[in-house]
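*Asks:* Annotations for this protein, taken from Swiss-Prot, read as follows:
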SIGNAL    1-24  signal peptide
TOPO_DOM  25-212  topological domain 'Extracellular'
CARBOHYD  N63  N-linked glycosylation site
CARBOHYD  N93  N-linked glycosylation site
CARBOHYD  N126  N-linked glycosylation site
CARBOHYD  N189  N-linked glycosylation site
TRANSMEM  213-233  transmembrane segment
TOPO_DOM  234-251  topological domain 'Cytoplasmic'
Amino acid sequence: MAKSSLSLNWSLLVLLNFLGATLSTGTDSLSCELTFNHRTLHGQCSVNGKTLLDFGDKKHEGNATEMCADLSQSLRELSEGMRNQQSGNDALNVTTQSQYNQGEFIGGFWAINTDEQHSIYFYPLNMTWRESHSDNSSAMEHWKNKNLEKDIRNVLIIYFSRCLNKLSPHFREMPKSKIKVLDTTQNTNTTQIHPTVNNSQHNSDTQGLSFTWIVIICIGGIVSFMAFMVFAWCMLKKKKGALCCSSSSTT
């Protein structure tokens, strides 16, 4: 009985340690507000509300453009490729929002602002495009390009993941950015995220939370099963002992 109780306690300790490690890692939320002008890239990217990259101020505290040089370079090359595909010379505004679990991309999108009110969205996990409005279908077809899709996918899934893994965990301790996010209420070309697409983003944002609950439920089921097995074993031993005593007294 004492041996089985010790075994159960040890198993519970292992499971709780695993659960604690899972919950403590959580997910990282990445967001970028970028503007592609002629030969220049402006804007910043933040993780969990803290500045990760700032292309407008190299001296900004917490800026990791040098530590994540491959990411910075890939973003600049991507901006050049997008400008080459763009019709006209207007500034191109891009917004991206994505989620990472222990540095691994689990969901998100890359949004291209087509005018003051509409955007088109690329989802790298399933390599699909969506428009915020049906009138944007022609603009979406214009941006569909295999090389562009591959470059966006590499930036979000490969280069951002490498940067997060390289800077984790100390980048989470950096002070929060004091730079204001671009004002989307003004009449500018800033990318606007529409409610119809926010639902999709919300689904990807909650994937990490769903994973955590799945782990909790599985661990709870394992613990309950182990407790039941120990209880059944103890009851069986007790029943056998009672039968032995009964047969001895009869004899």
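Cβ coordinates are placed from backbone N, Cα and C, and glycine is handled just like the others.
Worth saying up front: this structure is predicted, and the values here are computed from it rather than measured.
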*Asks:* What's the most sparsely packed of the glycosylation sites N93, N126, counting other C-beta atoms within 10 A?
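*Replies:* Checked N93, N126; of these glycosylation sites, fewest Cβ neighbours within 10 Å: N126.
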*Asks:* Express the distance between the Cα positions of N126 (N-linked glycosylation site) and N63 (N-linked glycosylation site) as a whole number of Å.
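*Replies:* About 31 Å separates the two Cα atoms.
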*Asks:* Between the Cα atoms of N93 (N-linked glycosylation site) and N63 (N-linked glycosylation site), find the distance and write it as a whole number of Å.
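*Replies:* Their Cα atoms are separated by 21 Å.
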*Asks:* What average pLDDT does the predicted model assign to the topological domain 'Extracellular' (25-212)?
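*Replies:* Result for the topological domain 'Extracellular' (25-212): average pLDDT 76.
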*Asks:* Return the count of C-beta atoms lying within 10 angstroms of the C-beta of N63 (N-linked glycosylation site), excluding that atom itself.
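*Replies:* Cβ-Cβ neighbours of N63 (N-linked glycosylation site) within 10 Å number 21.
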